[in-house]
């Protein structure tokens, strides 16, 4: 059976972009067709300045939202990255086959490091090595497929390169993974800045629809979405990005095609109204289930505890094999 691994980083409240770009497919498709693992990658949240209490709070919220979005612990494994030591263990070993040049060529590193310097901050080493930890997340589980947005495909390519390089140098140890992404709404854009991804860490709150936004807040944000000065509704991502973003969101909510949907509207207002209502109705069961889970923290704790145990049992043999392959002496009670 195909093994799938993907994760969410608790650096902000999860958004419509997270849901349409990843979480909905995880629940509707990936957990049913594969041996799937979904992880709250909290270690990745430490690469920049952060509030420890907020990271803990958002980690729990992210786990609850994964379950609220439809992930079923009976069908897949849901856990928190830092609860499974094998991620950190494997990350160091992979750093020993990665190169400094590879890390500095990562697009996200360049962008995030530049923003940090503009703010007058120092760039943490963990930001540079972030892609290696992500590779460890993937390779520890013998992952075949990694559902990601297009902004993360370079990191999956690095994981592939490190797996191949390690296998060639030290013997076959890792499955070589591949990135996958849905055709529609793989990258939902900011409603106020349609050239930018709708990111949970952004400061432009009016342009971001959060999964836990109240329905009236969702409606207000969509109705105020940036479009252009035109009047006709056409699907043109290159020239009319804001309008195209609304059509893509509506298409993702209704299983339609953006270009075909455009033909059914003669005004931006009507399109915005229908898009807002489609988003509200799609997110309604997620919000309601999240409220139920928030009232039962013991259930979420149990899911995460059992998920970590399952994940650890899957990852440990691969990580132990990697340690032996690269030349590390195993503990006496684990010697072969």
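Glycine too: its Cβ is placed from the backbone N, Cα and C atoms.
Check Swiss-Prot against the ranges 192-196, 197-201, 202-206, 207-211 and you find motif ''KMSKS' region' recorded for 197-201. Looking at the stretches 10-18, 19-27, the one that Swiss-Prot records under the feature motif ''HIGH' region' is 10-18. Per DSSP, the motif ''HIGH' region' (10-18) is made up of 3 helix, 1 strand, 5 coil. Nearest by CA distance to residue 137 (L-tryptophan binding site), out of the binding-site residues 9, 11, 150, 188, 198, is 9. Of all the binding-site residues given, namely 188, 198, the one with the smallest number of surrounding CB atoms inside 10 A is 188. The Cβ of residue 9 (ATP binding site) lies under 8 Å from the Cβ of 40, 41, 42, 44, 45, each of which sits 6+ residues away along the same chain.
Taking the binding-site residues 11, 18 in turn, the residue surrounded by the fewest other Cβ atoms inside 10 Å of its Cβ turns out to be 11.
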